[in-house]
Structures are given as C-alpha cells and as structure tokens.
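Enquirer: Would you mind keeping the following structure in view while I ask a few things?
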Amino acid sequence: MPDDMLQQNKSFCFRLQYGQSWLLTPLRPDVLTVTPWLAPIVWEGTFDPVVIDNIYKPLNLTIATTVFAVGKYTRFLRDFLETAEQHYMVGFKVHYYVFTDLPEQVPAVTLAPGRKLSITRVPKFNRWQEISLRRMEIIQTAIEERIHKEADYIYCLDVDMKFHNRWGPEVLDTLVAAIHPWFYQFDRKKFSYERRPASKAYVPVDQGDFYYMAAVFGGRIEDVHKLTKTCREHLEEDKKNNLEALWQEESHFNQYLVYQKPTKLLSPEYLWDDLKGRKPNEIKLIRFSAIIKNKAEVRENA
C-alpha cells in the first residue's frame, strides 16, 4: 500500500462529520496512550471507528490471518472463525491461513464476501512446546512462498480465543504487538523474560518496556517476515546449544521487541484472558480473549 494512497484517504476522511479533538482534553487520562518512542497504544475511546474505517476501506487491503490448530486444538476453530466473522476486520478482505495436522477437522464456516480460508497440513509434534518452537519457522516459510503475493498485512493469532467486539483496522501498522493481560501492571523486573545470558532470548533485568503475548502479533508483511525469521534463527541457535527459552517462541519474540520497537501497541482489550474474571476499570471493552480450558487435557504430551 503506497503511503500517498494512505495520505489521500486521510484527507478524504476529514470531510466527514465527527467531533472535534481538543489538545488539552485527553481521551483516556486513566491510561498510557503513547509510548516513549511515540508508538500509539490502542484503547477504547482513543479512536473514532468511522474515521478509521473511512481511511482504510477504500484501500482495498487484504489481511492475511494465520492460526494454528494442531491436535486437540482443532476443537477451538469453529468458535474462533465464527466470532471472527462477526467482529474481525469486518468489511475487509481477509484470508485465513489455517495450519493443522488434521485438515479433515477444519469446520465449514460461512465466510463473508471477499474472505477466504486456506488449509496447510503441518506435522504432528511430539510435545506441545514443539508447536510453539516451530510456529515462527512455518509463518516465515508461508510468507516467503505465498502470503507476500496475496496480502498487504499479516496478523498471527492463537486459535483458543474468541472475538467479542470490534477488532478492526485501528490495529494496522508496521509492526504491532499486544500487551500481555497478566503483566501490564508489573515492574519489568517481574516480566517473564528469559534471564539466562547463554540464550539468544536473554533480556537483562534493567531492560524491557512491556511484556507482550505472542498470541497476537502482526503488521506489514516484510516486517513480520523479519521478526519471524530472526526468532526462528535464534530458536535454532539455542537448540544447537541444548537450550530452550523459558516460554519458547514468546521469549524470543519479547527479546526481539526490546530492541526492535513495535510501531503500535494493542492494549489488553485486544488480548484478554477469561481466567482473569471480572474486567478492571481500565478495560472498557473486551475485544478478543483466551477461553478457559483444561490445558493439561488439550496439550498432548504435556
């Protein structure tokens, strides 16, 4: 998508009728809405969905969306897809890329016009951790082989999730990460980083901004490709040294983002966990959440 096209659509949207922005009246004074490196943090109330839609819908974008459903995780696909069709990038072209070892268990879900689903068979792994360890490699390969020709942006989402409210083009940017719902109130010394210096995922205790959850990330194709390629290389380097980072790919993902800052952050609204129960005051709207499940039962060979 050329930058001049985006600018033209921004100019067009300004002909719409919408409320004035006031410089001395912050939209969300209760939360941080911009990082020290000037990346926006998206919360309910920080954007006008009508304005955002009018900027992006004329661009005719295609959003690649990867999801892994391996082993017993295929049971979550129907709810994921059906709720996505209600709330995820509504009115946009979306191409779901489902990676599974059980293609016959992918449900038939009615998709809106302009949206489609492709299935890619992946191996069945001996340990659930292997799925995490291999995901970056599989996404990197998919981008190189086909996604770079078929989409403008890519978002990589976990399957054991459900959409509840709008998850739209306000998330689009160069490199996007979601703040972990369990860590956003913690001091960085308590973040679940890999702390062994021998690992390529190592983050010193005095570094880091936010702890991100690898259940949601995305951005422009070339930037996500760089992220997945680097994480795969670091995972392989650790494996050669008989190391496995604390949280596999998520540890390497967080190490990457400490030094390659995301250009947009999604608040925990965009990645909640139903286990947290009642939402706190700062969470005005839960948009996408991890469902409650018996992890020991669904994670084969745990």
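Using the three backbone atoms N, Cα and C, a Cβ is placed for every residue, glycine included.
Any TrEMBL annotation is an automated prediction that lacks curation.
Reproduced below are the annotations present in TrEMBL:
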- Glu250: active site, nucleophile (ACT_SITE)
- Phe68, Ala69, Val70, Tyr73, Asp158, Val159, Asp160: UDP-N-acetyl-alpha-D-galactosamine binding site (BINDING)
- Asp158, Asp160: Mn(2+) binding site (BINDING)
Enquirer: Name the residues of the same chain, 6+ apart in sequence, whose Cβ is under 8 Å from the Cβ of Ala69 (UDP-N-acetyl-alpha-D-galactosamine binding site)?
Expert: Phe76, Leu77, Val98, Phe99, Thr100, Leu102, Gln105, Val106, Val159
Enquirer: CB neighbours of the residue listed as 'active site, nucleophile' within 10 A?
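Expert: Here the count is 23.
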Enquirer: In whole Å, how far is the residue listed as 'active site, nucleophile' from Phe68 (UDP-N-acetyl-alpha-D-galactosamine binding site) when you measure between their Cα atoms?
Expert: 15
Enquirer: Among Phe68, Ala69, Val70, Tyr73, Asp158, Val159, Asp160, the annotated UDP-N-acetyl-alpha-D-galactosamine contacts, find the widest CA pair distance and round it to a whole Å.
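Expert: Between the most distant Cα atoms of the UDP-N-acetyl-alpha-D-galactosamine site, 11 Å.
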Enquirer: In whole Å, note down how far the CA of Asp158 (UDP-N-acetyl-alpha-D-galactosamine binding site) lies from the CA of the residue listed as 'active site, nucleophile'.
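Expert: Asp158 (UDP-N-acetyl-alpha-D-galactosamine binding site) has its Cα 12 Å from the Cα of the residue listed as 'active site, nucleophile'.
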Enquirer: Within 8 Å of the Cβ centroid of the UDP-N-acetyl-alpha-D-galactosamine site residues Phe68, Ala69, Val70, Tyr73, Asp158, Val159, Asp160, which other residues of the same chain have their Cβ?
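Expert: Once Phe68, Ala69, Val70, Tyr73, Asp158, Val159, Asp160 are set aside, the remaining close residues are Val67, Thr74, Phe76, Leu77, Ile131.
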